[in-house]
Each structure stands twice: as C-alpha cells, then as structure tokens.
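Student: Input: one structure, supplied below.
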Amino acid sequence: MIQVLLVTICLAVFPYQGSSIILESGNVNDYEVVYPRKVTALPKGAVQQKYEDAMQYEFTVNGEPVVLHLEKNKGLFSEDYSETHYSPDGREITTNPPVEDHCYYHGRIQNDADLTASISACDGLKGHFKLQGETYIIEPLKLPDSEAHAVFKYENVEKEDEAPKMCGVTQSNWESDESIKEDSQSNLTPAQQKYLNAKKYVKFFLVADHIMYLKYGRNLTTLRTRMFDTVNIVNQILQRINIHVALIGIEIWSKEDKIIVQSVPDVTLKLFATWRESVLLKRKNHDNAHLLTGINFNGPTAGLAYLGGICKPMYSAGIVQDHNKIHHLVAIAMAHEMGHNLGMDHDKDTCTCRAKACVMAGTLSCDASYLFSDCSRQEHRAFLIKNMPQCILKKPLKTDVVSPPVCGNYFVEVGEDCDCGSPATCRDPCCDAATCKLRQGAQCAEGLCCDQCRFKAAGTECRAATDECDMADLCTGRSAECTDRFQRNGQPCQNNNGYCYNRTCPTMNNQCIALFGPNAAVSQDACFQFNRQGNYYGYCRKEQNTKIACEPQNVKCGRLYCIDSSPAKKNPCNIIYSPNDEDKGMVLPGTKCADGMACNSNGQCVDVNRTY
C-alpha cells in the first residue's frame, strides 16, 4: 500500500513585526517574519519526492497558532500538457516537460473544511490563505542565507491603482431571472439529468502575450511560474461548481505577438478568438483558451469573455489583464471570465454567497472571494440544461494517457482501478484514495452498473431509452459500464418526418420550436431560397469565414426559416441571427431535407445512407 507522506513544518515567528518592506506582491506596510523549519518523517521504504503529496504547516499569526494542511493539486495539468515559446528568429519551440512532481498545492486551515489556501512551494512558500475571514499572504523575503518569510494581510499591501477593476461584459442579452429559474427547476428529460450528473472537465490553454514576456524580465521560467500560480487558483475556484480545470498547455509570445493586442478589449478578444480558432485549435485540441496580457485596457476593464461560449470554436475564449502584482486577484478575474464562458452573467444586488463579494460580481474588489453566488449557480445549471456542451464531458481513456499515471487527479489511468481525488476529498467507499485501487471485496467504484461496490445483475436496465432513436441499455453482470446503445443512423423517426442521427431525431419543426417557441413551425419552401444569397441570412457553409451560397438542391441545409403563428408575429420567413454566433439557427446535420435525403455536416442534402 502506498502511504501518503505527511510533512510537518514549524514556522517559528521571529520576534519582530516590520513596518514597511517592498516584496514581490508590492509595498507592504505591516508584516510578520517567520522561519520555516522542516521536519520530515518518511515511512520505511517510501520513495522521496521532490515535492510531497501532503504537507502541514504550523505557525502563528497575531499570536494565535494556525495549522495549515496542504495537498498537491494533482489535477492541475493534463496528461498531454505542452509548452510553446518562440526563438529570437521566430521558430516555434514546443516541449512536453514532465509535470507530475510539481509544487502547487491547495489547502485549508485546520477545523475548517472549506478550501481556502493556494500555495506554491517551488522556491520557498508563496501564496495565500484565509483566516477568520481575512486574506493573508505568505512569501519568501529573499534574504541571503535565510529561510525568512513574510506573512501579511492583503489590505496592508499599498495599492498602485485605487480605481476598482471591472469585467468588460456589459450587455449579455441573457434570459430573465424568471426564465432561468424555470429552466433550472423544471422537470428534466433523462438526457438532461444524465448530462448534469456527469463529471465535467475543462481542458484549458493559457497564452501570455509579448508585453507579459517583457514585464517579467524576458524570463520564461518567471512568467511560467506566474501562469501556473494563477491557474492553480482558477482550478480551485471552478471545483466549487464541479468543474475540473486541467491545464493542457501554455504559450508565451516571446518573439512577438501573434495578434495585434490592443487596449480596446472587445477588439483584442475578437482577434484572439479568431487566432485560437484558425491556428491554436488546429495545433492543440482543447476546450477553452484565455489570453493573459500585460497591456492596460481602456477604462477599468480587467477582462472580457464570450458569454456561453464554452466548446464553440470561435467563442470559447477570454482575455484577462495582469492587473495586479498579487496573482490571486488576477486568478479571480480569470475564473470570472471563464464563468462567463460557462454561462454565468454578472451578479445583481440580490445575489448572495457566504462572502462580501462573489466571483461573478461585476467589479473586482479586495473583498473578492472564491465563492459563486446562488444566481451564478442557477444560471450555470440552466445553461448546462439548455445547451449541454459536449466537450467538457470528455475525459481521456486509459489508452490515451502516455505520461505516468498520477493518483488523485480524478482521471482513471493505466494501472488504476479508480481515482476519487485526494485522501482528504475522496468520499468513495469503494476506492482507496491513497492507492487508486479498489478496496478489498469491491468489484467497482463507479458506473451505472455499479451498486454498493458490486456489479449489477446481468439484464438490469441501467439507462432507459430517451426517445425512439435510443434503446434501453442493459448491464452485463461483468462490468460497471453501461454500454450506450441506440438505433442506427438513418432509421426513420417521428412518423417518417426525420431520420435518427446519433441517437436523436432532428426535424426542422422541432428546431423551429426550440428557437422561437411552441407556436413555431418550419416555413414554406419559398423562404429557403434566401439561402442562395450567400450572406448572413442565407448560406450553406463557410470557407475561411466566407459565406458560401447554397446550390438549389441544398437550400434546406442552410439557414433555418420558421413561421411563428403568434398574433404579434406574422413574418412567414423568420430566422435567428447572432453576430456573436453566426452558425446559430442553421439547419442541424442529420435533418431530413427530402424523402430519403438528409443534411450532412457540409451543408449538402444527400442520400440518407451517405449522410453518416
């Protein structure tokens, strides 16, 4: 059995309180000096790691003893993590450095179950923790031949710019509070409930622009550490809504910027999102990317992101200004913008969390917390129910993982039976969190065919059919997995008004109802002739952002035209068009376009047997 190493470090408080000192976090007016003394007790035969899996720090703050428990953030990096920078002559240099034994930790104060600490132990101890509602920062003093560290309150750091920073999202066109409440509390379909219950992962890519490279002294290691410190906190914040953020790669524009980074945030966001879609996604598959920039945005803006953009090639992006020396404030801004990508709007005055300010507050203050408000949680849930973004459901298979397995990162890898997180957070009675092996007598730890650590009997229904294109799924009695079965693509459905396509029955009528409401229906054929125009209200596909007009036989595979029979809406040729998502309102692939014909993913009406 693998034993988790516990390291105890006593921090002796130096009998001195400083009045003012310049530290990495800025000019600090009041601080305490502490000296870490490390005491290690390795189990017999244990392998010494450079950075232990678990550590405990004991020290004194304002004369009161504090015990800080830390555990390595094992889910911080993805298994195929990569780093890219550029040589002086502009050559792209990409490496896959080992990241299993890293130095980034999450933690908590003893007798407080809430995770309130984020610490890096790479070069001394640097990070922050919360104690009795106050945010404290610890960092090395960098004195010659000394282990001295400073501990101080965030409020004692002199602020370079007292003007509060804000998010640039100002007009969301989001649903009303009532509709969100109805969506999140309404009866869910089996497919929606299955989606909500599934674990979710964001494979995250972070880019630093050239100004960041210059700002951190042209030192790749220093900038890399800044990026890691920031994402470590973002990961911790998003875990509160059951989103695991795995850093899949970083890129540093060390030679020059790959876009024109401007002080106008919406222009920079659009340029970055376009570069991500056209360049980065083709090079590195990921779910979401942000640009960390050293430029000062116009006004008080600290960041900007597309609302509800997650999983969309053009819109799963955000930009964040490196606006403060204290990285946890930059991390909160980044988590805020990712919150927008995940469907959350700004908090209103009526929104609450167990803190003075919640993550999605429109203004970033020194009271910023890691907590999402009741409104944010409701909006996020409603967004997931309505859109069910698929990319965040994907986690790697054992055979996909090429790096050594890391027990505790929530990914079941080669050599592991289960992975329920760290020993402190695991609540799975079937899984031994220390070894990632099943406990004695257990056959399984998770899966729809697993019940109280045992396989369900053969023939047990594990998933009901959701519609006529689905099939009831049965347990085999030999596995915890519930194999997903469904009707073959092309099977007629809904009284021959459609054909099954990837377990759904897409029809134009149902798509109109989803877009315009229960009184909507598909328009007459004449409306679809607009798809021969090749402009925003009528096209079949795009090539390099150019809209391609439909051929006559393909007009029903372009923009969807609907008629709304409501008294106030009598336009017979209604469409949905959004400049932020031009493909919204297009006829979905697999939709019936004629007898025996269905739309393919290229906007063509082809024989139903060739569509798939």
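Just so it is clear, glycine is given a Cβ too, placed from its N, Cα and C backbone atoms.
These figures come from a predicted structure and were not determined experimentally.
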Student: According to Swiss-Prot, the disulfide involving Cys500 connects it to which residue among Cys453, Cys462, Cys469, Cys540?
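Tutor: Of the candidates Cys453, Cys462, Cys469, Cys540, the one Swiss-Prot pairs with Cys500 is Cys469.
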Student: In Swiss-Prot, Cys482 sits in a disulfide bond; tell me which of Cys462, Cys493, Cys505 is on the other end.
Tutor: Cys462
Student: Write down the residue from Asn187, Asn219 that Swiss-Prot flags as N-linked glycosylation site.
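Tutor: With Swiss-Prot as the source, N-linked glycosylation site is noted for Asn219.
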Student: If you follow Swiss-Prot, the disulfide involving Cys311 connects it to which of the following: Cys375, Cys391, Cys407, Cys418?
Tutor: Cys391
Student: What count of other C-beta atoms do you get within 10 angstroms of the C-beta of Cys353 (disulfide bond), across all chains shown?
Tutor: 21
Student: To the nearest whole angstrom, state the Cα distance for the pair Cys573 (disulfide bond) and His340 (Zn(2+) binding site).
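Tutor: Distance (Cα to Cα, whole Å): 32 Å.
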Student: How many other Cβ atoms sit within 10 Å of the Cβ of Asn609 (N-linked glycosylation site)?
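Tutor: Result for Asn609 (N-linked glycosylation site): 11 other Cβ atoms within 10 Å.
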Student: Which disulfide-bonded residues from the set Cys407, Cys430, Cys500, Cys550 come within 10 angstroms of Cys418 (disulfide bond), judged by C-alpha positions?
Tutor: Cys407, Cys430
Student: Enter the number of other CB atoms within 10 angstroms of the CB of Cys375 (disulfide bond).
Tutor: 22
Student: 10 Å Cβ neighbour count around Glu416 (Ca(2+) 1 binding site)?
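Tutor: There are 19 such Cβ atoms around Glu416 (Ca(2+) 1 binding site).
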Student: Using a 10 Å radius around each Cβ and counting other Cβ atoms from all shown chains, which of the disulfide-bonded residues Cys420, Cys431 yields the largest count?
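Tutor: Going through Cys420, Cys431 one by one, the largest Cβ count within 10 Å is at Cys431.
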